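The structure appears below as structure tokens.
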Amino acid sequence: MESLLQKVYDQENLTKAEMNILATEIFEGRLSKTKMAAFLMALKVKGETAEEMAGIAEAMQEVAIQVAFPAGTAMDNCGTGGDKSNSFNISTTSAFVLAAAGIPVAKHGNRSISSRSGSADVCQELGIDINMRPEDMTYLLEKVGIAFLFAPHVHPNMKYVMDVRKELGTPTIFNLIGPLTNPVHLETQLMGIYRRDLLKQTAEVLGQLGRKRAVVLNGAGFMDEASLAGENHYALYESGEVQLFTLSPEEVGLANYPLEAIRGGDAKENAAILRSVLEGEPGAHLDTVLLNAGFGLFASGKVATVKEGVNLARDLVRSGLAKQKLADLITYQKEVLTK
């Protein structure tokens, strides 16, 4: 163990297997807080590699509370957070549109990181229980096609790193790997990331973690979501290869809006925005969700282009199917809670 730590201190890269060993020590509470802090900062200064990100993500998944679902059928669309955009809950809203397309969505989420309301906060405001048993999450995935997985609930071993992360007060590798550690074995994934320089690398990591197809994107204004404010950069992983692309809102028939147009509020305000989008209320909020859902549909392989995805997303909202997914989730959740 000491030799692995020393490698990082000496600015040497770890292999995936070496990082897995070291991360297992962390998640089983065997690494002191002092050594953990030194390791995280040395890793940050050195720069995290794809092998290291995959190694720590796999170790985190191994100690997670497993949520059973047929392998190779579900997707996730959560992002890293950390973009300081204070936007409304874009990926959470988009998840209902993806589910309405018949894609099982295992939505990994947490409380607020860069905004006033995280995925878990707005879910609670909507009446969604974020602390359900694994078997209940499986039931909702099967019956409704969507379930929300509260990260601290499914990753209890993160308790060993929380104090150190808080004390350091700076982003570490844990800010990057959250979306990589969904306890459901995913086939496809849309992942927003706040660092554009890591698009290709993160897409490679998703491939190492078994995704068949994935899109990693960074929006205009360095958002961890697709943005209407300008050019969006994204990486597509498929068949073992990564390709880099850019896409502007105009290319998919959407208008430009400044970042200020999608500012969010607290959980109550963001829940109201989510409902208004699912009702089809026109404007920047709806168009932003259409763009992100379009990317999600493209990442899933449901459509051949993002533009086709945007058009399908619009149809799913107009038809009321996306709104119905929220209603169904609440209905079936009550059934679970009364068992």
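Cβ coordinates are placed from backbone N, Cα and C, and glycine is handled just like the others.
Annotated in Swiss-Prot:
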BINDING   GLY79, ASN110  anthranilate 1 binding site
BINDING   GLY79, 82-83, SER87, 89-92, 107-115, SER119  5-phospho-alpha-D-ribose 1-diphosphate binding site
BINDING   SER91, GLU225  Mg(2+) 1 binding site
BINDING   ARG165  anthranilate 2 binding site
BINDING   ASP224, GLU225  Mg(2+) 2 binding site
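DSSP classifies GLU225 (Mg(2+) 1 binding site) as coil under the three-state reduction.
In this structure, SER87 (5-phospho-alpha-D-ribose 1-diphosphate binding site) is part of a beta strand by DSSP. Comparing the binding-site residues HIS108, ARG111, ARG165 by how many other C-beta atoms lie within 10 angstroms of each C-beta, the top residue is HIS108. Between the listed binding-site residues, namely SER87, SER91, ASN110, the fewest other CB atoms within 10 angstroms of a CB are found at ASN110.
Cα of ARG165 (anthranilate 2 binding site) to Cα of ASP224 (Mg(2+) 2 binding site): a span of 21 Å. DSSP classifies GLY79 (anthranilate 1 binding site) as coil under the three-state reduction. The separation of GLY79 (anthranilate 1 binding site) from GLU225 (Mg(2+) 1 binding site), Cα to Cα, is 7 Å. Listed in sequence order, the binding-site residues near GLY79 (anthranilate 1 binding site) (C-alpha within 10 Å of its C-alpha) are HIS108, out of SER87, HIS108, ARG111.
ASP224 (Mg(2+) 2 binding site) is 15 Å away from ASN110 (anthranilate 1 binding site) when you measure Cα to Cα.
For the recorded site, HIS108 (5-phospho-alpha-D-ribose 1-diphosphate binding site), the DSSP three-state label reads strand. All protein chains shown were included, and the count of other CB atoms within 10 Å of the CB of ASP224 (Mg(2+) 2 binding site) stands at 28.
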